[in-house]
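Marked as domain 'ABC transporter' by TrEMBL: 41-285. Marked as transmembrane segment by TrEMBL: 376-398, 413-433, 454-477, 489-510, 517-538, 608-629.
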Amino acid sequence: MNKEVPGNYVETVTLSNKEELRQLKMEDEGGRASKDSGVYLTWEDLRVTASSGKGGVRAILQGVTGYAQPGEVLAIMGPSGCGKSTLLDALAGRLGPNTRQSGKILINGRKQTLAYGTSAYVTQDDILMTTLTVREAIYYSAQLQLPDSMPLLDKKARVETTIKEMGLQDAMDTRIGGWSSKGLSGGQKRRVSICIEILTRPKLLFLDEPTSGLDSAASFHVMSRIVGLARQGGRTIIASIHQPSSEVFELFHNLCLLSVGRTVYFGPANANEFFAVNGFPCLPFSNPSDHYLRTINKDFDQDIEQGHGTQKTAEVIDILVKAYKSSGTYQQVSQRIYEIQKTVGGALEKKGSQAGFLTQSLVLTRRSFVNMYRDLGYYWLRLAIFLALSLCVGTIYYDIGNNYGSIQARCSMLMFESTFLTFMSIGGFPSFVEEMKIFGRERLNGHYGVGAFVVGNTLSSLPYILLISVVPGTIAYYMTGLQTGFDHFIYFVVVLFVCMMLVESLMMIVASFVPDFLMGIITGAGIQGLMILSGGFFRLPDDLPKPFWRYPMYYIAFHKYATHGVYKNELIGLTFPSSRTGEPPITGEQILTSIWQVDMGYSKWVELAILFGMVVLYRLMFLGIIKVAEKVKTQYKTIATAPPEQSKQVMGEIHQKTWSYVQKR
Ligand SMILES: Nc1ncnc2c1ncn2[C@@H]1O[C@H](COP(=O)(O)OP(=O)(O)O)[C@@H](O)[C@H]1O
Ligand SMILES: [Mg+2]
């Protein structure tokens, strides 16, 4: 929700359309005016450490200094594992919980938070809704991100231009595809991810390896468009790059060369002179970026004979790192950072403007509905299985009749339907986890809030859950020949529906703790197993051990309310002949109280109401958990990234530890 996600929601978005036009004109005029309102980012002595589980601390970034300014693209390069992604994460304020950072990161010379929504970040892995086409994915995203005041036609136009900018026009109507089906190629997915994040024309853009997976021509086109974006709107772009071709390399303004978390070079992209002065000249006609990377990659030292005589790469890196620290380029960079901090001021625009809560909920409902429709694993497969199982139930208990033996059969059948059939609703979990991942990415970028997601997911799933409870439920009910009244049938189906909703809600909560789908399914199954055990069927309520099992498990397990509800629904009003001749017939009420120990103090409707209440409670719990997790994370971050004066001590300690750890190795 927008209020929680204050952001520098890009100027173009916050302005009305007239002003937007004016701004576009300004962009055409070279964008000098908007350069003033751009984002200057400086970081000094940035250090990041990660705890490695066994009490060890590992330094990932070791005192990195640099800056990024409007209208320019800063390329971060280095061998894989050198800390490129970590640097981007640190700058964007989204480091993982097991890391600590110190150093001074300033935005426009001030300490400002860059958390949710204040910048766009295209992560290294593409997390996209695989069932949508390129056009749909980007259009839904535009509806979520762009303000309600912007006419629909303009949004469509923005989508089309953005798609063309990224050269995706030929793949527009292709499904993205992913773990379930093949669709776009890796490079195309990369570009879709970029499209989604540049829709709002953010002022500050982080790109993690935007060209990985692209061929050299495509990466040149994509990068030149990104550079164009930077130039036009006075945008600040920081991109980590893996193996750029010389054409792509020439597009960059500044270069940050990292090796094992240390700065080998930071300055104008052409570092040939720096390398040459220090004894590693770049041969004519060779790609400078290849040369830099080869010089500082020490991963294969043992296998490959180096071209630098007998020198080990580690030594080479040491030489370069030291040389850089004492070079004129470093002085210039420090000077520039000082200037930026002194002259540039101004807080980032805080009042973000994006689609309202209602629009977002509606768009998310629609998107999720389409996704559920197209993803076979979400509901269709379950429908097929439930149909088959209902036929099985129907044939096993076919025309159950009213004799003494039917009492036990009836209760087993009802137990199976309300407990085991609904239990299988965990089958949709993998698909839900995929949706959660997309939510995670979009949430981090501030596209929408948890509330809109929960509303969207709940509304879109209702028709499907209704379908998978009504159709199989009807078959099972009428084949078995349960009570004839229509209201009894409706009650039965509604209980199935609520139980499936409950299982889905439970799995949502599980997903917020265990994002991995295999572990999630096992956890969810375990929790439900526990509830089924204590639900009053496998051990009668009065026989359940009092601590834990009777209080509170018996009352927490929704299976208690479900089974008792359907038992009351079925048995009240029926009479069965006694097993012994001459004895009076047994009433349904007698069975309920004497056999099942069902509390007859309240009606079946109360049981149903409790079940509905549980659905609401579970969904609210999911919402609450995510909100609390976010709060804790931000609070943790403020502690971990306290102002340098305060954090120095803490970090000092850690660095001592790191140092001794390094020495031990
Ligand atoms: N949260 C973390 N916990 C532990 N180690 C990490 C963490 N994040 C990154 N690392 C380690 O830091 C190094 C740099 O990672 P990364 O920044 O992803 O490199 P790259 O330059 O390839 O993007 C890697 O060796 C990685 O294993
Ligand atoms: Mg990386």
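We number each residue from 1, going along the chain as drawn.
Cβ atoms are placed via backbone N, Cα and C, with glycine included.
By the count of Cβ pairs under 8 Å, the stretch nearest in packing to the transmembrane segment (608-629) among 413-433, 454-477, 489-510, 517-538 is 489-510.
Per-residue pLDDT, averaged across the domain 'ABC transporter' (41-285), gives 89. The transmembrane segment (517-538) and the transmembrane segment (413-433) are in contact, since at least 3 Cβ pairs between them lie under 8 Å (pairs 6 or more apart in sequence).
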